[in-house]
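Enquirer: In case it helps, TrEMBL gives these features for our protein:
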TRANSMEM  238-262  transmembrane segment
REGION    271-336  region 'Disordered'
COMPBIAS  281-295  compositional bias 'Polar residues'
COMPBIAS  327-336  compositional bias 'Acidic residues'
TRANSMEM  374-394  transmembrane segment
TRANSMEM  428-446  transmembrane segment
TRANSMEM  474-495  transmembrane segment
TRANSMEM  501-520  transmembrane segment
TRANSMEM  532-551  transmembrane segment
TRANSMEM  557-579  transmembrane segment
TRANSMEM  617-636  transmembrane segment
TRANSMEM  642-663  transmembrane segment
TRANSMEM  675-695  transmembrane segment
TRANSMEM  726-745  transmembrane segment
């Protein structure tokens with residue numbers, strides 16, 4: 001059992017011009033200080049202490065000398081022209097070495113720091129140093145230093161060596177045997193003279209004023225316990241659990257696909273093949289009349305009123321089967337620049353009752369090609385966004401490892417398991433679900449796309465008039481976005497802090513936006529946003545998020561401008577949706593707001609009893625109320641977590657639109673097939689469980705690092721994952737089920753003519 005020597009000195013002198021100097025000379029080092037001992041705080045405030053107690057750096061016995069006595073010289077001097085009284089006491093510390101799994105209590109103050117020795121047991125490769133205190137203040141620092149003299153145990157030099165973190169009521173540092181060749185280290189405890197570093201207020205003291213009782217006010221009782229960390233086998237188990245959990249989704253998808261294949265083959269052999277069992281294309285058993293019936297007029301929709309318009313604008317009518325190619329020769333402008341089409345289109349889109357055939361009049365190949373741009377653009381965005389992010393977080397991790405400052409990153413230190421250069425490998429591993437399930441979703445979409453192409457090659461051209469138009473570009477983009485969310489969330493958790501939280505949320509905005517666009521595209525395939533305008537809108541949102549990080553803390557002007565932009569954007573978009581206008585950036589200007597005024601006059605003054613488009617009006621009124629509420633809340637409370645605030649706006653709008661879509665679907669006597677119904681239930685259950693763990697706050701970069709550590713909790717899953725890791729697992733599954741809902745929601749319409757499918 002190692003022992004050390006502690007020197008206690010006290011002087012009644014308050015004269016800062018003539019302090020008493022103490023110099024302790026040892027075999028391998030010199031330690032010196034003065035009494036009164038002066039600490040400097042913020043704005044050059046000074047604090048003086050008449051009582052000082054220091055532990056001398058212990059000398060290791062050599063093989064030649066053995067356990068011989070160590071000689072210590074203590075020199076006392078002062079330049080004062082008068083006598084100064086002082087006290088000197090040298091004591092032996094019997095409890096200098098800390099033991100594994102045994103709590104040790106002690107007291108420290110700014111002028112009386114403490115440090116202790118710990119030696120790794122033979123079978124332990126990693127330990128966690130847990131420090132707790134009943135009092136929040138005074139602010140303290142816990143440091144782990146190598147066995148080197150001198151030991152840096154004062155406020156102004158504790159950061160010079162080793163690993164350290166600030167502390168209020170709780171701290172935890174994981175130490176690995178490989179980092180200390182001598183298999184032992186010092187645990188140093190320093191009390192800071194001021195509390196501002198831990199979130200406390202700065203004391204109102206006059207610089208240079210001596211307060212003799214300050215020493216008593218800054219005393220803190222601490223308890224340290226060193227416990228073994230997890231073994232390497234736990235890392236392996238956690239990796240197997242993470243991958244096998246999500247690979248089970250692959251197995252389930254294969255089983256569902258196989259059952260579906262057997263079911264289709266049996267019905268095909270029995271002559272009872274149904275489009276709902278295949279790729280979603282029905283076989284035409286009779287000619288479909290494409291002419292407009294006599295007597296039809298504007299607003300009167302019958303079985304073929306839309307087909308005539310489709311015949312006018314779609315050259316596919318004369319194409320043979322199997323001619324579905326993405327020719328680069330055809331352009332969308334071939335159809336949109338014709339005045340007849342423009343006038344016909346504007347008339348059709350202002351009908352009181354719209355059907356899907358009215359909004360799926362463009363060439364399917366050109367529209368599908370337009371939506372594929374979403375996929376290719378998001379890949380480009382992902383590469384250019386992710387590479388600088390990866391480079392930056394690697395730099396963050398390098399700075400943490402080199403400086404030892406663990407206040408840079410906001411980990412859950414009670415459940416932060418290092419691996420290699422990474423400080424919290426568990427927070428990174430738990431994001432594997434987003435990548436695996438995102439890739440699985442891409443495979444599911446690819447399978448549907450291939451089956452659809454095969455059906456297009458086998459069936460005659462009249463099959464285009466049935467079901468929801470199959471455009472998979474947005475689905476591919478959603479799968480890439482889910483994978484990139486996993487990558488960027490892992491990057492954020494390399495070193496989570498205030499400045500890089502936007503990395504964790506950027507693709508969440510894109511996921512929410514793409515889901516809303518896909519939901520709108522389902523029944524508005526001809527008038528949905530182009531990829532360029534959509535991604536430009538996402539870029540504006542991310543720019544606002546960055547500005548919110550910089551200016552959103554206390555600047556009222558930023559919140560006023562943002563709230564105005566939010567409200568005006570909601571009104572502009574609502575007007576476009578209400579009139580089935582094209583969602584393009586160039587139209588969202590003064591003309592839109594004049595149209596909004598016309599809407600209010602037409603629907604609320606001329607015919608106040610009932611708006612022209614009742615369902616759309618209800619959705620947009622509720623949506624605007626929700627968005628205005630967000631704007632008012634932000635303006636009044638100015639939340640510091642601006643990125644999460646914007647994400648909340650996106651998610652609430654998405655949930656509102658999805659609920660409206662499902663309600664209108666059921667109102668239209670459409671049905672939910674078993675698979676989408678299961679996905680809806682699974683989405684709701686998994687999201688509820690995920691949000692429970694999300695709100696179990698384990699750290700918060702909105703506070704100081706010391707205050708954030710008060711929220712740290714131990715691991716809850718396999719002794720490796722914490723609550724936030726479980727949130728990662730569940731949110732990945734919830735997003736996957738959410739995507740499947742959008743993918744399968746309208747499978748029941750595959751056998752329904754498009755001029756019978758309502759638009760809402």
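Every residue, even glycine, has its Cβ placed from backbone N, Cα and C.
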Enquirer: Can you see whether the transmembrane segment (726-745) and the transmembrane segment (238-262) are touching - at least 3 CB pairs under 8 angstroms, only pairs 6 or more apart in sequence?
Expert: yes
Enquirer: What residues elsewhere in the chain lie close to the transmembrane segment (617-636), defined as a C-beta under 8 angstroms and at least 6 residues from its ends?
Expert: 559-560, 562-563, 566-567, 570-571, 574, 577-578, 603, 611, 645, 648-649, 652-653, 656-657, 660
Enquirer: Under 8 angstroms, Cβ to Cβ: which one of 238-262, 501-520, 557-579 has the largest number of such pairs with the transmembrane segment (428-446)?
Expert: 238-262
Enquirer: Would you mind listing the long-range same-chain contacts of the transmembrane segment (238-262), meaning Cβ under 8 Å and 6+ residues beyond its ends?
Expert: 277, 426, 429-430, 432-433, 436-437, 440, 443-444, 447, 675, 718, 720-721, 729, 732-733, 736
